[in-house]
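*Asks:* Below are the features listed in TrEMBL for this protein:
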- 120, 122, 130: Zn(2+) binding site (BINDING)
- 197: active site, schiff-base intermediate with substrate (ACT_SITE)
- 207, 219: 5-aminolevulinate 1 binding site (BINDING)
- 235: Mg(2+) binding site (BINDING)
- 250: active site, schiff-base intermediate with substrate (ACT_SITE)
- 276, 315: 5-aminolevulinate 2 binding site (BINDING)
Ligand code: PBG
C-alpha cells in the first residue's frame, strides 16, 4: 500500500500550526468605516435594509467616529444626507454643507482619525443622479459635472478632509479634482478614486441609507458594466495618469477577480468596497440563523484581502475590530 508522501493535513492539525502557515491576516488597520451623516439634531434613524447602520446627526456621528478610533479603526468615510436637494447639488459644495460640518466636528474631536469624504452629487441632486442632468434629453452631462465635483472636493479639503474619494464615475474627474485641489493649496490631499465602480444591484440598501436612488433611469451610462474586467484596468490606468493616490474596486465580493487583476496592474494602494448589499446579505442570513455572522464576515473580508486589497471599506468595521481584539 502506497501512502501519500505529501500530506497537506500535517500543518492543519492544530491552531498554532495553522497560524504558522497562514498567508493572509485580516487586521483592524485595514478597515475603513462608512458613516451616513444627516442634517438635523439628535438624529439616529435606523436603515431598515442595513441592520446596525444608522443615519446620524453630527453629534452622533462624532460619537461613532470616536468609538471607531478607540477600536483602532484608522479611517471613516463620510456620506451626507442634506436637508435640501436641488438640480445643481449645491449642498455638495456648500462650505457649510453637511459633510463639511461633520468633517470639521470629527477632526476637532478625534484629530488622528483619518476622515475620507465621498465626492459625488447623487445625495444632493433632486433627481438622484451623480451629475448634472440635461432637461431635454435626461443625459448626465460629464464636463459640467466635473466643475461641481472639483468644487465639492476642494470644499471638503478646506473643511479638513484627509482624503477625498470621488465615486461619481464621470470621465476626467480625478484630473479636474487634482487641479482644483492644487490651485487651492491642497496639494497634499490624496485622492482615493473609485476607479472601477460597477453599475451594481448591490448598492440597493445604500440608496435607502443615503436617500440617493435615481428618480428616473439608472446609472449604467456612467458606472461600469458588470461583465467587463479589462475595462477596469483601463479605468485604473486613466485614474493613475490623472493623479489618483489610491484606487478602488467596488463592489468587492462579486468582483474579486477584478481586485486581483488591478492588484497586479498597479503598485498604488488598492481599496475594495464591500458594499451595502454585501452587508445586507450576510446580516439577513445570520438574523435568520442561516449563517454564523462572525465567521461569515471574517471569511468574506479575508477573501477580499487575499484577492489583493490592502484597504477594505466595510459597514462591519466596528464589529470586526471587536472580534479581532478578542
Ligand atoms: C455614490 C455612492 C454609492 C455608493 C457609494 N457611493 C451609490 C451609487 O452609486 O448608487 C454605494 C455604496 C454601498 O452600496 O455601500 N455614488
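Cβ from N, Cα, C; glycine included.
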*Asks:* Starting from the Cα of residue 219 (5-aminolevulinate 1 binding site), work out which of the recorded positions (120, 130, 197, 276) are within 10 Å.
*Replies:* 130
*Asks:* Which number gives the other C-beta atoms within 10 angstroms of the C-beta of residue 315 (5-aminolevulinate 2 binding site), all protein chains shown included?
*Replies:* 26
*Asks:* Just to verify a number: CA distance, residue 315 (5-aminolevulinate 2 binding site) to residue 122 (Zn(2+) binding site), in angstrom, no decimals.
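*Replies:* Per the Cα atoms, residue 315 (5-aminolevulinate 2 binding site) and residue 122 (Zn(2+) binding site) stand 20 Å apart.
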*Asks:* At 10 angstroms around each C-beta, which of the recorded positions 197, 207, 219, 250 has the fewest other C-beta atoms nearby?
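*Replies:* Checked 197, 207, 219, 250; of these recorded positions, fewest Cβ neighbours within 10 Å: 207.
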*Asks:* Among 120, 122, 130, 235, 276, the binding-site residues in the record, which have a C-beta under 6 A from ligand 1?
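*Replies:* Once distances to ligand 1 are taken from each Cβ, 120, 122, 130, 276 fall under 6 Å.
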*Asks:* Could you round the CA separation between residue 130 (Zn(2+) binding site) and residue 207 (5-aminolevulinate 1 binding site) to a whole angstrom and send it over?
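*Replies:* Between the alpha carbons of residue 130 (Zn(2+) binding site) and residue 207 (5-aminolevulinate 1 binding site) there are 12 Å.
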*Asks:* Which one of the binding-site residues (120, 122) has its C-beta surrounded by the most other C-beta atoms within 10 angstroms?
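*Replies:* It comes out as 120.
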*Asks:* Using a Cβ-Cβ cut-off under 8 angstroms and a sequence gap of six or more, which residues of the chain neighbour residue 276 (5-aminolevulinate 2 binding site)?
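*Replies:* The answer is 49, 50, 202, 203, 204, 205, 206, 209, 315.
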